[in-house]
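This report concerns only the one structure given below.
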Amino acid sequence: MPWSPGSSSAPSGDKDDIKSKLSSWTKPIRDHLSEGGNWIAPIIAAGATMGFWSFYKTYLRRIPNSAHVSPRYFHRRSLFGKVTSVGDGDGFHLYHTPGGRLAGWGWLRTVPKLKKELKGQTIPIRIAGVDAPEGGHFGRTAQPFAAEAQKFLDSHILNRRVRAYVWRRDQYDRIVATVYVRRPPFFQRKDVSMELLKQGFATTYEAKTGAEFGGPSKEIEYKVAEEVARQKGKGMWSLEKGGGFFHPSKKARAIESPMAYKRRVKLAEEPQRKLDS
């Protein structure tokens with residue numbers, strides 16, 4: 001009767017034959033691995049694979065929305081992408097395009113244009129260090145120059161590629177970031193927060209908690225830019241100066257900062273919130 005090779009009852013001759021065959025099959029492998037130099041290629045290949053995967057996760061993997069922005073990014077990383085919409089004077093949505101043109105964005109890979117394709121695929125960005133006039137949301141009266149601030153930001157960054165240095169996540173799940181854009185004709189890198197302040201379309205952020213400027217030096221630079229715009233009567237600050245000699249009917253008026261406006265509105269709406277609850 002035939003004997004199973006693994007049977008304990010198999011003839012000793014068959015066992016020896018099996019061992020001999022196994023040894024002959026594995027000997028070339030053992031001989032190959034016994035030479036130290038033969039380990040180099042597999043080790044390099046494994047290291048290269050791990051290195052590429054790490055590089056991909058860190059620099060080339062697209063982040064679809066703010067929920068996927070890890071806290072380890074804060075104060076360490078930046079996000080490069082295209083601005084798909086501007087919501088108000090200090091906020092917009094970013095479609096992350098890691099690697100930029102070198103990674104094929106714009107010629108091999110395209111940014112969606114339809115709203116349904118962009119849904120859940122963009123990161124809401126809150127521009128750091130500044131506060132633009134509040135728009136008329138939820139039936140509230142808009143602040144003066146809210147529309148002008150949004151129009152300026154729209155013309156400055158919409159459909160352009162920007163780099164956002166991320167600092168933290170705010171209470172509305174937006175990513176607070178210092179944003180830079182390059183614009184023609186010389187394509188110098190411009191700090192968007194600074195540009196808003198220079199035009200008088202924002203104040204420096206006033207909240208005692210949660211303020212993010214990207215460093216003490218930035219906060220000082222922003223406050224200086226705000227004061228210069230105020231002295232020149234730029235944007236919202238023109239209301240403080242009135243109409244001057246040529247428009248005497250336009251009286252000078254005090255400016256309510258965006259933060260003061262939000263505090264006033266919150267206080268006025270508090271009784272209604274208590275009734276609703």
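For all residues, glycine too, the Cβ spot is worked out from N, Cα and C.
Database features (Swiss-Prot):
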type	residues	note
TRANSMEM	39-56	transmembrane segment
DOMAIN	77-239	domain 'TNase-like'
ACT_SITE	ARG126	active site
BINDING	ASP131	Ca(2+) binding site
ACT_SITE	GLU134	active site
ACT_SITE	ARG174	active site
Which whole-number value in Å describes the distance between the Cα atoms of GLU134 (active site) and ARG126 (active site)?
-> 14
Cβ proximity for ASP131 (Ca(2+) binding site), under 8 A, sequence spacing 6+, ordered by residue number, returns ASP90, ALA202, THR203, THR204, TYR205, GLU206, SER257, PRO258, MET259
If you draw a 10 Å sphere on the Cβ of ARG174 (active site), how many other Cβ atoms land inside?
-> 19
Across all chains shown, how many C-beta atoms besides its own are within 10 angstroms of the C-beta of ARG126 (active site)?
-> 24
Local backbone state of ARG126 (active site), from DSSP in three classes = strand
Just how many other Cβ atoms lie inside 10 Å of the Cβ on GLU134 (active site)?
-> 21
Summarise the model confidence on the domain 'TNase-like' (77-239) as a single mean pLDDT, whole number.
-> 95
